[in-house]
Amino acid sequence: MLLLGCIKEVSDYELAISLPNGLSGFVPVTQISDAYSKLLTKQVAQGELLEELNSLPDMFSPGTLVRCIVTSIEKSDDGRRSIKLSIDPKKVNKGLNSTALAAGMLLSGSVLSVEDHGYLIDIGVTGTHAFLPHQKAKNYIKAVKKGPDLKIGQNLNCLIVEVKNEGRVVSLSIDRSEVAASIATERQNWALSNLLPGLVVKARVQKVAPLGMKVAFLSYFTGIVDFMHMDPEKSMSYSPDQVVKACVLSVHPTSRAVRLTLRPPFLHAGGAPRQLPGQRMGAVLEEATVKAFYKQFGAVFELDDGTLAFARLKHLSKTRKSFKPGAFKEGCKHKCRIIDYSLMDEMCIVSLKHQIIEAQFLQYQDIHTGDVVQGKVLSLKPIGMQVKVADGIRGLVPSLHLSDVILKQPEKKYSIGDEVKCRVLECNPGGKKLILTLKKSLVQSKLPVLSNYEDAKPGLITHGFVVCAREFGCIVKFYNDVKGLVPKNELGSEPISCPEKVFYEGQVLKVMVLKCEPQQERLLLSFRLSSKPGPEDKWKCTPEEKQEVKYQIGKIVDVKILKKRDNGLEVSILEDEDNVVAWIPTLHLSDFVATSKLLWHCLREGDVLPRVMYLSDKGEHIILSRKSAVISAVQEEQVVRSFSEIQPGMLLTGYVRNVMPFGVFVEFPFGVTGLAPKMSMSDKFVTDTKDHFVVGQTVIAKVMSIDEEKQRVLLSLKVSECSSGDSAAESFALLNQYFKELKEIRDLLRRGKPSICEFVPGKRVHLVVQDVREDGSALFSGSSATGLTVTATHYHLGDKNIAPGEKRKTFVLHVDALTSEVYVSLREELLKQRP
């Protein structure tokens, strides 16, 4: 079904559309146009922002009329229906073909590309090239003020100026005065199969009835104008045979019903309906007068300012049984509340339901950060709890905020349907995002709500919650994502050596503001509520800044392992009296990915790692690296400290940050990143990028080209291009480093699994046959193989017949320290070799 709609709201991912008769629909970002969808796909594939791809708010404005086609109607869990729409010209104009195009036609188009003398426009007609000259677009661009040019995917009202070559080439105009003056005529040969909403026509009244009237237009078409779309000023004065100007609102493909409107703003193509003043939304009106009652639809009311409003049948009473038609005779007065505004009907939508009139919130805009709200539990998920605050308003309570303490089993405390009292942590009406807290200390707090940095005046005392406790202090969060640092010396009246043991994530505490820099969004706090804000100069260098000065990229330190995490090691820097906590990702333990995993496996908490390099301070931790090639590159100054230092031809040592289907992203010390495209990854032909590189791998890359404007670096990882000349010396140095690290691992293994060190590839060991499996392989045991799985495959048993309990001489083939597996052979040709 084709409909004329008006944009109500614009977000990054969809357009909310007001449709006729108080309905609403949504256009997803993928239903704008073919060209726009291709750019979206390209951006997702490349993993970086494209310059030519503009966001929906950059291209669309509330109040603009658009032609839509219904793609689907979905029903939600609570029984509500959601109308999904498309404004893609290929779908909207699918009834048109090139031979049907004629000068003077008005239709939807979408910008396909920007050319030297104008724009190529997609009008959705196969085999037709549509061109919009700059001259015919400049007035529109000036009026819309969305930038100097039209943008790819921008939806336009296009008037056909000229048709050439039997419709294969058409020239267009979007000039507002030309579009507004256009009227559909019989000469344009419109058919019911391609009739478009938005066309302005001259219509003749055929029949007038209480619910609307029947009109004829374009010679042989008939259509209906319902009661909501008659001109309010003339609704009682229409008579048969009267000629009126009308605009097509919708075309139904199966019933072939055409609906039109006589409302003035629609009688000029591209017009804009009247908006409702913002302060009227949600207003409660003591007396609204019934103008007309329609038993199947609802009632039209006149409001206190003379405007008309419509109440659907279900909004006239609490239930169907309590509904009394006699109370809605013309002139009766009722209390009501404005709950919505239909742009397409230019009418307020009102409700007479008592619970809606009394409701605290109707829309996200009514809710403010710090408000205490009542809600009903809808669902419990790993990320948190979904709460219904009002009809159409839902909020999320993150798992951290379900209670003052962390709940391991929230389902034991909360059940679906429970009434809960929450406080609003964050509300973003545009994105319909509502974050709530159930922490009693925050919900019941009488202290001021800190929701922006400007309000953080020195001396202010308020409640906040701990999000991170580390060696340097605690990071505390407030409302609207405002956060600050409580340095170590302000954690309490007595010195606290290990804050992470005293404070926990989610803990609610009273804090005092010491200093705030709103522009930098920096906030310094104290848990010592009696302490006074010190002089300005005392806070000029925060603990983080001191730390930055102390640890510069390239500094070599010794560290002690505090904790082994799944993806790395938490360590403390030894020569620092403050015992600063840092992080070594597993992949930074060695230049070799397999060795990194082995090292992580062998190391224990309490071990000391010498000669580790400070790499960066991204995120919460200082990041350290033990990659010897990266350390050498920094020490020998074979690095670039910023983008401006990069020159084509440079050879730089870095590590793989990401492997994508189109190439490999490589990061270098000091944070510079480059891309090696698929064609520059290897001297061999690359089918799958994952077959050649893995994340964390140390690489030498050659800078091929740089784009200063876009701050992009293109690299080559081809071995033939990335050698500095003496490739033999480089290879031996790498091998030497590899064997050195293997020896280190062997020494570490000796203390945990001494038996594995007895097995060296090439060594001969006497073992006892433990079992012979069905597949022909054999398992061995022995005093030297305690805690190990020793296996010989069927092939490596040779022609020997073996039985459990026999003692045999074996040849060690491979040792897997990670899985504690050893592979051996009994083949004579291996056992006879000289050791």
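Backbone N, Cα and C atoms are what each Cβ position is placed from, and that goes for glycine too.
Now, the feature entries from TrEMBL:
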| type | residues | note |
| --- | --- | --- |
| DOMAIN | 1-88 | domain 'S1 motif' |
| DOMAIN | 104-175 | domain 'S1 motif' |
| DOMAIN | 198-263 | domain 'S1 motif' |
| DOMAIN | 370-439 | domain 'S1 motif' |
| DOMAIN | 459-528 | domain 'S1 motif' |
| DOMAIN | 649-718 | domain 'S1 motif' |
Within the domain 'S1 motif' (459-528) only, compute the mean pLDDT.
88
In contact by Cβ distance (the domain 'S1 motif' (198-263), the domain 'S1 motif' (649-718); 3 or more pairs under 8 Å):
no
Treating G and I as helix alongside H, and B as strand alongside E, what does DSSP give for the domain 'S1 motif' (459-528) in helix, strand and coil?
10 helix, 35 strand, 25 coil
In the domain 'S1 motif' (104-175), how many residues does DSSP put in helix, strand and coil?
13 helix, 34 strand, 25 coil
Looking only at the domain 'S1 motif' (370-439), how are its residues distributed among DSSP helix, strand and coil?
6 helix, 38 strand, 26 coil
